[in-house]
Amino acid sequence: MQRSPLEKANFLSKLFFSWTRPILRKGFRQRLELSDIYQIPLSNSADYLSENLEREWDRELASKKKPKLINALRRCFFWRFVFHGIILYLGEVTKAVQPLLLGRIIASYDPDNKVERSIAIYLGIGLCLLFIVRTLLLHPAIFGLHHMGMQMRIALFSLIYKKTLKLSSRVLDKISTGQLISLLSNNLNKFDEGLALAHFVWIVPLQVVLLMGLLWDLLQASAFCGLAFLIVLALFQAWLGQMMMKYRERRAGKINERLVITSEMIDNIQSVKAYCWEEAMEKMIENLRETELKLTRKTAYVRYFNSSAFFFSGFFVVFLAVLPYALIKGIILRKIFTTISFCIVLRMAVTRQFPWAVQTWYDSLGAINKIQDFLQKEEYKTLEYNLTTTDVVMENITAFWDEGFGELFVKAKQNNSDVKMSNGDNGLFFSNFSLLGTPVLKNISFKIEKGQLLAVAGSTGAGKTSLLMMIMGELEPSEGKIKHSGRISFCSQFSWIMPGTIKENIIFGVSYDEYRYRSVIKACQLEEDISKFAEKDNTVLGEGGITLSGGQRARISLARAIYKDADLYLLDSPFGYLDVLTEKEIFESCVCKLMANKTRILITSKMEHLKKADKILILHEGSCYFYGAFSELQNLRPDFSSKLMGYDSFDQFSAERRSSILTETLRRFSIEGDTAVSWNEGKKQSFKQTGDFGERRKNSILNPLNSIRKFSVVQKGQPQMNGIEENDDEPLERRLSLVPDSEQGEAILPRSNIINTGPTFQGRNRRQSVLNLMTRPSISQGQNMFKTGNAARKMSMAPQSKLSEIDIYSRRLSQDSGMDISDEINEEDLKEWFFDDVENIPAVTTWNTYLRYITIHKNLVFVLIWCLVIFLVEVAASLVGLWLLEDISFKDKTNGTNGANNTFPVIITDTSKYYLFYIYVGIADTFFALGIFRGLPLVHTLISVSKILHHKMLYSVLKAPMSTFNTLKPGGILNRFSKDIAILDDLLPLTIFDFIQLILIVVGALIVVSAIRPYIFLATVPVIIAFIMLRAYFLQTSQQLKQLESEARTPIFTHLVTSLKGLWTLRAFGRQPYFETLFHKALNLHTASWFLYLSTLRWFQMRIELVFVIFFIAVTFISILTTGDGEGRVGILLTLAMNIMSTLQWAVNSSIDVDSLMRSVSRVFKFIDMPTEEPLPAKPTKSLKKNQLSQVLIIENEHVNKENNWPSGGQMIVKDLTAKYTDGGNAVLENISFSISPGQRVGLLGRTGSGKSTLLAAFLRLLNTEGEMQIDGVSWDSIPLQKWRKAFGVIPQKVFIFSGTFRKNLDPYGQWSDHELWKVADEVGLKSVIEQFPGKLDFVLVDGGYVLSHGHKQLICLARSVLSKAKILLLDEPSAHLDPITYQIIRRVLKNAFANCTVILSEHRIEAMLECQRFLVIEDNKVRQYESIQKLVNEKSLYRQAISHSDRMKLFPHRNSSRHKSLAKITALKEETEEEVQETRL
């Protein structure tokens, strides 16, 4: 990064933001890179800010029993906050003085007041100076407040992250990842965005007192009629806001539900295509979308009328304020114009600024209280260790994960108590759990000496992982003692990879030792894998190691644990994803040799590992079932195999034990996995599903969170808005809502109508887009816009013209913003934070995108034409009013008046043009109703356009080839369906209407001005050109800076979630300070982009303001110098001048809004234009004859046309099969050829990453394939792709359970009856499981079916294959992490239901070999062997070495029938002698 010019900038450069010119110039000429961003000053660095706030917070904790976070913030930021507030107040006060000067200028042209004509020029100079002063005061004040809000957010970000790394595991049980993300994004945005609004809570009352005093001087008591109307209006809009909140709550559940299904579809797109579920998923999502859009339209209409009511009120405020005075005393034109100006300012203060300020304080204090509660939660307590201790000793250890856990099931028991069990079971699945805490470990005692290997075994839920957590200090013992040195290294069961290089993941901040590093790489079998990467061990891995296979991730995690020099190594099932050969080699070379001198605790279920262990600990239901050597085990515990291998079914566990198992499972999800649990105390723990899911989901237990499948227990009837669970005293929606929903300040930066930097103010509001949850405040004010993400949110500075609200040109319709649905979708709910959504689209939206958007709906063009016609009618009405004005004025001059003798107070007199004004307003308002309703068809049609684009994009994604998904990131795809569709639904319709209307207003005003003073028109032309040039100049840079900021925002949340996933590993390695440093670097990188964007935006807004001031000076003096007698004309000229330029400023800002939002349309079009999967017809080699089918049609094979007859046998022939993940990529399979007979079972063998799963995907045509494949004589080129895939039954490695009922998960197309479903469920062992849930087949599974075990999920996949009636079954490592009971069920079903089917199995378990007749050995992307298992083992191959002697005996039981033959075979299979232990031990 470059040094910032701000460091050397002088006062004027800082005042006018001129120091940003270099980056603006560079961004205009070329594409900006991260290296072009300026370094941040020390005052903005995360280290500096967090240190100051942390010091004050520690001081607060030490000094008081009830510490207050707001006191710590006050000591850090108070005086700067006050200073900027005073400057802001002075800028706002100038608005009250402007109407006085305007009134004096108008009065000076009264024929009866020629004395003041000589000072008109000085009054004009004063009016212009007021605009200059306000510009110089407001822009620095607003920038300073947002800068300070950014600093507060940074400091709190750091404080929360540091606290997260210290939280105890018990607290983490109760906090989901979604809650932490929401705490950082939604809540902390309030500081970034709302700080400038906070001062209006005291500025507005002072302003109202001042304005009412001035109005009293003009109108006496009648002025309070206008104020009363404004108060009523504010209450009415608050009521409309409540209506919008109701629609929002109802809509939130549908949006959430749609995004959950969409996210699951994207994450499991390979399974969706393998099952041929594209149509089912499309229908499911479109049904949810239809319901969502009905509520979207209702919400848009209410927002539209809410904003229209605000503008409509302009006439009535003035009318009610003037009418009583006019009826009693009569009124002169000067007072009317002055009153109009005062009322505009007063209306803005009462109905906009004050409610927003109160709402901001309410939200900000609520956020501070949430953060304060979080910072006071229980911390992880480091155990006291004795560094001289060499042994590991545990004495009578008993521990609980959560002593109050049983309360969770109270309501489940109540809800299920009235359900009768037909099979006589003693209760439902959840009603069997104990209501008391169950210890996860009970009376555990053992001692391990230095250098010994302890193997820990046990069935599922026995407490194995909890034992390691106890040793690490993550689980506090309630009884007993633990002794060890404290120098621990840890390898978790679920591999954790941090973003960084392979070397960084292994070294993990420890000092680099070349010899040790190479030894570990070799022992963990990583040499060959690393050599295949172009950058070797400097290859950068994404979050979670997404580019690696499961086995590679597992080996890197193991290497990290071993590289650290520790006294005790804790290895939690490190071999789960490894093939037989690799597991054997790593266990021997790494665990037994390299670490021979170290104390090791290994969790395993392999008999070979137990035999080589020095000590064995078998846990059963949390208790010690056996402790000792293997030689003692068989004698003392003959039934050890059932306890070890888990043959005691989960369903047969005691109620207490099942409670403990589920506790541990959920806890593990919340810390190490992608999912998280939110346990809330007491009354929050309900098993009723939220009403948003509708009647068909009424039996569900859990509420789905959004994009990354978080889950939480939800309160009955409370919609999930953030996708996280809040406490009862912290509702998801505000209980106070003074501001209409669409205008609440939760995610606003000062909007265009809030901080009035422009000469005129008309309320307008833009809310944060759905996916702008990161620290992305947006400034737009004065005529400013603060934008967030791709959705620009306006600071809402509307013109504050004097006559603008009464004059036809100022009567704008709803400028209401799209509501902030970040709470609803929580997308950016969480996926965006994992993925850099780098765009390859131009910095400015192309004209082709606009044209395509307009023409995608046939009615849109006609609606736009209709709006134009209405505009022309209004302009005509305005010209008629001007004609009347000129006519009456002329008559006044020639005939004089005798109004003083008239008996009616409201007539045209020599001092009054009230009647003229009345006619003018009346004619203009003739078209008011038409003006209000003219926007509704446009908004309605644009929402319909959004519906069409969503449908087209969903279809394109479902039909896209897998090669597309191999190049796109899931988070980027999900962003299109969440963030961009939300923009199309909420922000874009009203923003486009704003832009169209504002442009028409400017054009109409110019026409009227030209009719009065052509000189002003000539002055307007260069200003319009300057505006357009400034916009083009700024837009090129601002869009690039926003993109860089968006990319810099991603690593912040990625780092947080990554840290949470690997929290146990971080603590075990003591790497918290290292990760805090990385987090601060991510914060600083984002701050650099965001601060520069704020500064350049302020540069643009100030230049726009200065251009306006120059224009207004010109208009003022042209009006004063060229106008004779007649105050009406000069009044109209000045008010129209302010109105034209403020509206033009607004239009320029609105055009930037539209350009930003249309980038979402560009991205959607990019997805719509994705290539689709080829139908792969047989291309005719000759020209088609008359009766032949068109070349575009698929000519189906005659065998396939016979229903249910193909495939009949399951014979497969593969010839020269080559597969690639992407077009032009390297071949991952080369020239594969083999054949499989009908009903034959074939096993796939090969090292991890050799291509076994790839081959199965190639069978389904999920890759780019070349070559020939036939099933029962039918080539895959001769039939539709969907029909080809339906020939296969699939049990994928990644289990796919989408949010829906059991019935939908088994049969999404609804083809089978309940009888058939129950029959298949019984056949695969699922019937007893499904019957335990309320609703049975109609029970709704959410969050990937997390309430089911992994084995149960596999059985659902197996049931799908049975229902598919497929003749060929593909199984991709179905036994990975399965308990033996489920595995035995799968084996049984394969023997029975698929007895006559062809089965292709990729498996690591030796037992699976017994079921296969032949094996396909894949090595280096090619088929190395295709033989029977007997031949593979007889040969001197690697697989012979991997299979133990006892397993080889299992493979050939018939060879043991006679002693002679057996001895001969045993001699042939003689074990190799073990190599000597190398001197490379750690």
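Placed from the backbone N, Cα and C atoms, the Cβ positions cover glycine too.
According to Swiss-Prot, the feature topological domain 'Cytoplasmic' maps to 1-77, 147-195, 244-298, 359-859, 941-991, 1036-1096, 1153-1482, an assignment based on similarity to another entry. The annotation transmembrane segment is assigned in Swiss-Prot to 78-98, 123-146, 196-216, 223-243, 299-319, 340-358, 860-880, 920-940, 992-1012, 1015-1035, 1097-1117, 1132-1152. Under the heading domain 'ABC transmembrane type-1 1', Swiss-Prot lists 81-365. Annotated ATP 1 binding site per Swiss-Prot: TRP401, SER434, GLY458, SER459, THR460, GLY461, ALA462, GLY463, LYS464, THR465, GLN493, in sequence order. The feature S-palmitoyl cysteine is assigned by Swiss-Prot to CYS524, CYS1397. As annotated by Swiss-Prot, phosphoserine applies to SER549, SER660, SER670, SER686, SER700, SER712, SER737, SER769, SER796, SER814, SER1446, SER1458. The annotation region 'Disordered R region' is assigned in Swiss-Prot to 654-832. Look at Swiss-Prot and you will find 1212-1445 tagged as domain 'ABC transporter 2'. Per Swiss-Prot, ATP 2 binding site is recorded for TYR1221, GLY1246, ARG1247, THR1248, GLY1249, SER1250, GLY1251, LYS1252, SER1253.
Features as recorded by Swiss-Prot, highlighted on the structure.
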residue	record	Cβ neighbours (10 Å)
GLY458	ATP 1 binding site	25
ALA462	ATP 1 binding site	29
LYS464	ATP 1 binding site	25
GLN493	ATP 1 binding site	19
CYS524	S-palmitoyl cysteine	27
SER549	phosphoserine	16
GLY1249	ATP 2 binding site	18
GLY1251	ATP 2 binding site	24
SER1253	ATP 2 binding site	21
CYS1397	S-palmitoyl cysteine	21
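Note on proximity: among GLN493, ARG1247, GLY1251, the binding-site residues of the record, the Cα nearest CYS1397 (S-palmitoyl cysteine) is that of GLY1251. Separation of the C-alpha atoms of TYR1221 (ATP 2 binding site) and SER549 (phosphoserine): 15 Å, rounded to the nearest whole number.
Taking only the Cα positions, the spacing between CYS524 (S-palmitoyl cysteine) and SER549 (phosphoserine) is 15 angstrom.
Recorded residues GLY458 (ATP 1 binding site) and SER549 (phosphoserine) have their alpha carbons 27 Å apart, per Cα-Cα distance. Across 123-146, 196-216, 223-243, 340-358, 1015-1035, stretch 1015-1035 shows the highest tally of CB pairs under 8 A with the transmembrane segment (1132-1152). Checked against SER1253 (ATP 2 binding site), the recorded positions ALA462, LYS464, GLN493, SER549 differ in C-alpha distance, with SER549 being the nearest.
Shown are the binding-site residues TYR1221, ARG1247; the one with the most C-beta atoms within 10 angstroms of its own C-beta is ARG1247. Contact between the transmembrane segment (196-216) and the transmembrane segment (1015-1035) is not supported: fewer than 3 Cβ pairs lie under 8 Å, counting only residues 6 or more apart in sequence. For the pair formed by ARG1247 (ATP 2 binding site) and LYS464 (ATP 1 binding site), distance between Cα atoms is given as 28 Å, rounded to the nearest Å. Predicted-model confidence for the domain 'ABC transporter 2' (1212-1445) is 79, expressed as mean pLDDT. Under the DSSP three-state reduction, LYS464 (ATP 1 binding site) is assigned to helix. For the topological domain 'Cytoplasmic' (1036-1096), DSSP puts the residue distribution at 58 helix, 0 strand, 3 coil. Of the ranges 123-146, 340-358, 1015-1035, the one with the most Cβ pairs under 8 Å to the transmembrane segment (223-243) is 340-358. In the three-state DSSP reading, GLY1249 (ATP 2 binding site) counts as coil. Take the Cα of SER549 (phosphoserine) and measure to each of the binding-site residues ALA462, GLN493, GLY1251: the nearest one is GLY1251. With DSSP states grouped into helix (H, G, I), strand (E, B) and coil, the topological domain 'Cytoplasmic' (941-991) comes out at 47 helix, 0 strand, 4 coil. Cα to Cα, ALA462 (ATP 1 binding site) and GLY1249 (ATP 2 binding site) are separated by 32 Å.
Distance between Cα atoms for GLN493 (ATP 1 binding site) and GLY1249 (ATP 2 binding site): 19 Å, as a whole number. The two recorded residues LYS464 (ATP 1 binding site) and GLY1249 (ATP 2 binding site) have their Cα atoms spaced 29 Å from each other.
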